[in-house]
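Structure first, commentary second.
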Amino acid sequence: MNGEAQESNPLSPAIMTFQEPKGRRIDPSAFRRSTILVAEGDRGLRRTLRDVLLGMGFPSIVLASNSAETMRQIVEQRPSVVLLDHKLPGSGAAGGDGLTLTRRLRRENDPLPIILMATAPDAALVAAARDAGVNEIVRKPLSMESLVLRLMHVLQVPRKFIRSPGFLGPDRRRLVDRRRTERRTETPLPAEQERRQKPSRRSGDERRKPPKSA
């Protein structure tokens, strides 16, 4: 034992097996020239992500455990992408969660790509993340496919950065459209799964006993 506190690791085993997403080509050179900042409050997940990203070919992984440290690393390291914990602990003047930090960066006119990591992101969170200026959202527990897809999108197919009086951030339309498409193949959220399992009016009628014959 090294004396460190044991922390949970919500990564699924699938993240340890690298597979190219179906129908998509991965450009390894985009990975090799990129620096990734992992801003995650859970130490176990933070270190696991570092090891996985290094194994994927990223040469430089920077770690941060709270908002203040994240801002410092952004200024000093100028990463290519930030993997940002939705529940990232706040600290000092940079206090707040992942969305608060995103809003601050966008107010400073910083186009740095941000991938928000969140547990069971529902429609309300997706909308809030979109309006805050998040580029992509990835669901926890993480899978290799979802992580690679988000990194591919921000590194190889970046969205246009919009600067307008009412909004600073990546084009919001693509995030919403793609989330709708992905939701057809992803495991439903608990509330959605429960809704789908409820019998329809028709199925209830079909279970009724037929009327007795005269």
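From the backbone N, Cα and C atoms, a Cβ is placed for every residue, glycine too.
TrEMBL labels come from automatic prediction, so no person has curated them.
Positions annotated as region 'Disordered' by TrEMBL: 1-23 (among others).
The compositional bias 'Polar residues' feature in TrEMBL is assigned to 1-11.
As annotated by TrEMBL, domain 'Response regulatory' applies to 35-155. Mean pLDDT of the predicted structure over the domain 'Response regulatory' (35-155): 90.
For ASP85 (4-aspartylphosphate), the Cβ neighbour count at a 10 Å cut-off comes to 27, with all displayed protein chains included. Look at TrEMBL and you will find ASP85 tagged as 4-aspartylphosphate.
Annotated region 'Disordered' per TrEMBL: 173-214 (among others), in sequence order.
Per TrEMBL, the feature compositional bias 'Basic and acidic residues' maps to 173-208.
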Would you identify the secondary structure of ASP85 (4-aspartylphosphate) according to DSSP, in three states?
strand
